[in-house]
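Enquirer: Shown below is the structure under consideration.
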Amino acid sequence: MAVAFNRDKPHCNIGTIGHVDHGKTSLATAITIVSSELSGGAVKVKNYDEIDSAPEERARGITIQTAHVEFISKKRHYALVDCPGHVDYIKNMITGASQTDGLILVVSGVDGVMPQTREHVLLAKQVGVPSIIVCINKIDQADPELLELIEMEVRELLTKYDFPGDTVPIIRCSALKAINGDSDAKKGILELMDSIDDYIPQPTRVLDQPFLMPIEDVFSILGRGTVVTGRIERGVIKVGDEVEIVGLRSTQKTICTGVEMFKKELDQGQAGDNVGILLRGIKREDVERGQVLAKPGTITPHCSFEAEVYVLTKEEGGRHTPFFQNYRPQFYCRTTDVTGEIALLSGKEMVMPGDHATLSVNLVAPIAMDQGLSFAIREGGKTIGAGKVSKIIK
């Protein structure tokens, strides 16, 4: 039987980003250790292997699926998403990062800014992450003079992508020493936690709108049924509520029979919570990532829409050349990515990098959609544009 979840502190979702092997997962472990001590054991210490949990990850020592870790600071309760650092798994980072309230950029004090450091900051900008804080890790192995240069380089990088590089807090840590019990290193982790409390604003949660949760993952729990996980985008869900599963296939109705967060039971889940929702009478194969769970009748699946789109320039990491009628990139919406064909409107022959354009899009599969839905457009492993649904056609 799961224990009840204590909601006496506001909940906030943050993530770690940064180059592979710069210590993102070790930092997550160190934070759980310090938080467990701070909270009198209310937070479970997660060791590296528990966070880096998929078998192929452990073999390669690389985080693939975004892992969620819980911690409590002096002011808030957090879900920490350990965003993947390997270039093949950028797709997961997009869905992980786009659902966070802020990010910790982890940079090794030995290596400094690396190609993926740049790529992740660019992605954070593209998916609209509101704030970033910096952790310079591995300071026990680094040259102090080099650390000053790395700080300058990180500030320049953040400024380049429109984050406030001059004022962003940069905290120096040694996650590994903190894990091994070094008291000074633990103070560095505590300083990082305090900075997150103070610098990342508590987001306003949309509680008064109809319930909606994009599905990130699906599990089958023996004897209990099917659980879908994700971050609640808006509204509230209570045990016993009727919900619909919308998008990608025919809409299905079911009942929520349980809500859990970090293996603790909730009487209700609300906007901003990372939860698992138990569904009555739904088989594991009846539901998939990319669908949404929603209050019945509040959202419908669509394939065709018009959108206002901004196409990234080459300097922003986008295309070097224009695209034409019938261009077929991928559209990333919430937790799904679907191929769509673009029709250019008002007699346009092409769309150039840097253009703002109104386009008509026809997706190969229907997704849960309402007016104003944001999406990223990607092709060949890079983001080439961003847009919003302005009109639903069918």
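The backbone N, Cα and C atoms fix where each Cβ goes, glycine too.
Keep in mind that what you see is a predicted model, and the values were worked out from it rather than measured.
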Enquirer: Among 11-15, 61-65, 161-165, indicate the range for which Swiss-Prot gives the feature region 'G2'.
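Expert: That would be 61-65, the stretch labelled region 'G2' in Swiss-Prot.
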Enquirer: Could you put numbers on the helix, strand and coil content of the region 'G4' (137-140), residue by residue per DSSP?
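Expert: Helix, strand and coil residues of the region 'G4' (137-140) number 2 helix, 1 strand, 1 coil.
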Enquirer: Between Ile139 (GTP binding site) and Thr25 (Mg(2+) binding site), what is the CA-CA distance rounded to a whole number of Å?
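Expert: Cα-Cα distance, Ile139 (GTP binding site) to Thr25 (Mg(2+) binding site): 16 Å.
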Enquirer: Quick one: give me the count of other CB atoms within 10 A of the CB of Lys24 (GTP binding site).
Expert: 28
Enquirer: What else in the chain is close to the region 'G4' (137-140), if you only count residues 6 or more beyond its ends and a Cβ gap under 8 Å?
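Expert: Counting only partners 6 or more residues beyond its ends, the region 'G4' (137-140) has Cβ contacts under 8 Å with 22-23, 26-27, 106-110, 147, 172-177, 185, 188.
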Enquirer: For the region 'G3' (82-85), provide the mean pLDDT of the predicted model.
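Expert: When the pLDDT values over the region 'G3' (82-85) are averaged, the result is 59.
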Enquirer: How many of the residues that make up the region 'G1' (18-25) does DSSP mark as helix, as strand and as coil?
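Expert: Split by secondary structure, the region 'G1' (18-25) comes out as 2 helix, 0 strand, 6 coil.
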